[in-house]
Amino acid sequence: MGCCGSSEQKQREWKPLEDRSCTDIPWLIIFTLFCIGMACIAGFSISTGAASRLISGYDSYGNTCGQKNGKIEGVELSGRDQTNNKYVFFLDPCNIDILNRKIKSMALCVSRCPDIELKTYTDVKKFALQNGSELCSYDIPVSKYPSHGERSKKCPKLPVPPSNSLPVFHRCTPVDISCYAQFAEAFVTFVSDNSMLHRVIAGVMASKEIIMGLCVLALVLSIILMVVIRYISVVLVWILTALVVLGSIGGTGVLWWLYVDHRTNLTDQTGTSPTPQQQVAADNVQALLVYAIFATVFTVILLLLLFFMRKRVALTITLFHVAGKVFTHLPLLALQPFWTFLSLMLFWVSWLGVLLFLGTAGSPVQSEEAGLVEYRMSGPLQYMVWYHAVGLIWISQFILACQQMTVAGAVVTYYFTRNKSELPMTPIVSSMLCLTRYHLGTVAKGSFIITLVEIPRLILTYIHNQLKGKENACARCMLKSCICCLWCLKKCLMYLNQNAYTATAINSTSFCTSARDAFAILVENALRVATINTVGDFVLFLGKVLIVSCTAFVGVLSLNYQRDYTVWVLPLLIVCLFSWLVAHCFLSVFEIVVDVLFLCFAVDTKHNDGSPGREFYMDKALMEFVENSKNMAGRDRSEVDGVCPEM
C-alpha cells in the first residue's frame, strides 16, 4: 500500500547505504518558497525605513533621529532636520508601558545624552547652552526652560539621571539600574509585594558573578559527562545511579542542616522590630525549608524507582557500550549541540530583528491621549507578522530536525560499514553533505508536521493565559486537556520523525515511506522499544539530574559562603534552569545515538541471521547480546517443556 500518495505498492528490501537519491523534492520547493517569503518580509521592513527607525530611533513627533525627515500630515513638529541629533532622549525613561506598547514618556532627538545629573531646569538650560543638546520639546526656547508654563509636560522629569547611549541603538539609557526594577514589576504582574520583588532583583544583582560561575560549571560538567560516556560507558549506568543516589541523599542532608542552622541564627536575632536583613534571612529560611522538603520527596521517589527497575537497568548497558564506541569513532558528535545552538541563536536574533522592523514599519498615528506619534501595523502588515510567527516555529523545527538527520546519517554510516577503517574521514561532515544533497525535503516535511501541531497548542496556551480567571472550571479543564493532548501528540510525532529520519538515512526513501517502515519495525519490537526508552531515558535523566544537583549543591554552598543577605530563590532557579538546558542539549545527542543504533539493530536482526551471505552488520557486543538472548530463550523453552510435557 502506498504512503501519502506514493506509488510504492510492495514491500521493499532494506539496502543500507545503497541507491542514494533525492527525497521529498516538492516539500523542498515549498520550504524554499516559504523562506523566500520570509526574506521578502525582511526586505520589505528594511526598505520602508523601519530599520533606520529601529536603529536610530525616532522622537514623539515621528522624526527619525540622525537624518532629514518628511512632513507628517497633522503633526506640527514633524519633518525636522535631525542630522546633528543622533540620540533618542526620553523625558521620563521609567515611564514606558512595555506590556501595552504605549509611549507614556515623550521622546526627543538630542545631540548628546546628559552625562551628569541635572537637578533643576536651570541646570537643563546650562546643559543645552554648553553642549547644544536641547532636552525640552522643540517648541520651547532654551531661554524659557526655567519659566515656561508647560515645562512639567514638555521638559524632562527632575532630577534628570546621568545616561549613556547604547553601542548600536542610539538611546539614552540611565546609568543607575534602579529604574529597571520598575520594568520587572510591569512584567511580574502576579507579585503583589513589590518589596519582595526588589529583594529578589537585588539578590540576582548581588550574586551575578556566582550565577555566571555556576553556569560555566554546568557546561564543564556536561562536557565531562560526555567524556565519561565515551570512555567508560559500560559502567556508566551504575556510576550515574550511585552518584545520583549519593548526591540526592547528601544534598537533602545539607539542605536540612542549612535550614536548621539558619533558623537557629534567625531565632537568636529576632527582636521586637525586625530589620530588612532579618526579613531577607526569614525569606531564606522559608526557601530552604521548601527546598529541603522537595529534595526529601524527590529522593524517596528516586530510591523507589531504582528498587523496582534494578533488573531492567542492565538491559541497556550493551546498547550504551556501543554508543560509547560510536562517540570514539565519531568525536565530532559531541559538538552537535554547539552548532545547533549557534544556528538557532543566529536565526532567532535575525527573526527578532525583522519582527522589530515590522513593529516600526507601520503608518504614523498620533495618539489621542498625549498627541504623540506611534507607528502601528495595519492591513497586510498584520498578516506578515502571522507569516513571520509561523516561520519561527517551522524553521526552528527544521534546524533541530537537521541535527537529528545529521546524527542519524553519521551513526547509520558507522553501523552499516563492516570495516570501520573504511569509514569516511569525517562522517559528520559527510552526513551533513548527504543531508544537503539528498534529504532537505524530508527534513522540511517532518518539521512542518511538528509545526502543524505546535501552532494550535501555542494558540490554545495563549487563549488560556488571556482568559485566566475569566473562564469557568469546565472550559479551563477542556483547554488544559487539549493543550496536554497536543503536547503528547507532538512528543509522539517527534519520536516517529526521528526514526523516520533514520530510515531515510538507511534506505534513502521519502518521509512517509520511511515513517511507515520505521513504525512497522518499532511495532515488531514493541517490548524492546519500551524497555530501552524507559530505562535509557531514565538513565539519561539521571545524568541530567546529576549535573543539576551538583550545580545546585555548589550554588547553595556559594550563596551561603557569600554571607550577604540576599534572596536565594531566583539565582538558584536561574542556575538550575541553565544547567538543565545545557545537560539536555548534550545528552540529547547521546539519546539520539542510542535510538538510531536500536533501529539499525532491529533492521539488522530482521533481515540478517548471521549465515553466509546474510552476515550481521552489528558490533561484537551486540552479537554477544543476541547470542545471550537466544540462549536465555532456549533455557526458558526447556523449562517450559519440562514443566508442561507434551500429551
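A Cβ is built for glycine as well, from the same backbone N, Cα and C atoms used for every other residue.
Quick look at what TrEMBL annotates:
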| type | residues | note |
| --- | --- | --- |
| TRANSMEM | 25-46 | transmembrane segment |
| TRANSMEM | 210-229 | transmembrane segment |
| TRANSMEM | 235-259 | transmembrane segment |
| TRANSMEM | 288-308 | transmembrane segment |
| TRANSMEM | 314-334 | transmembrane segment |
| TRANSMEM | 341-365 | transmembrane segment |
| TRANSMEM | 385-416 | transmembrane segment |
| TRANSMEM | 538-559 | transmembrane segment |
| TRANSMEM | 565-587 | transmembrane segment |
Out of 25-46, 235-259, 288-308, 385-416, 538-559, which stretch has the largest tally of CB pairs under 8 angstroms to the transmembrane segment (210-229)? 538-559
Dominant neighbour of the transmembrane segment (235-259) in 288-308, 341-365, 385-416, by Cβ pairs under 8 Å: 288-308
Near the transmembrane segment (341-365) in space but 6 or more residues beyond its ends, with Cβ under 8 Å, are 38, 41-42, 44-46, 48-51, 53-54, 58, 62, 72, 75, 78, 101, 373-378, 381, 384-385, 388, 391-392, 395-396, 399-400, 585
Determine which residues of the chain contact the transmembrane segment (288-308) at the Cβ level, with the cut-off under 8 Å and only residues 6 or more beyond its ends counted. 241, 244-245, 248-249, 251-252, 255-256, 258-259, 262, 538, 556, 568, 572
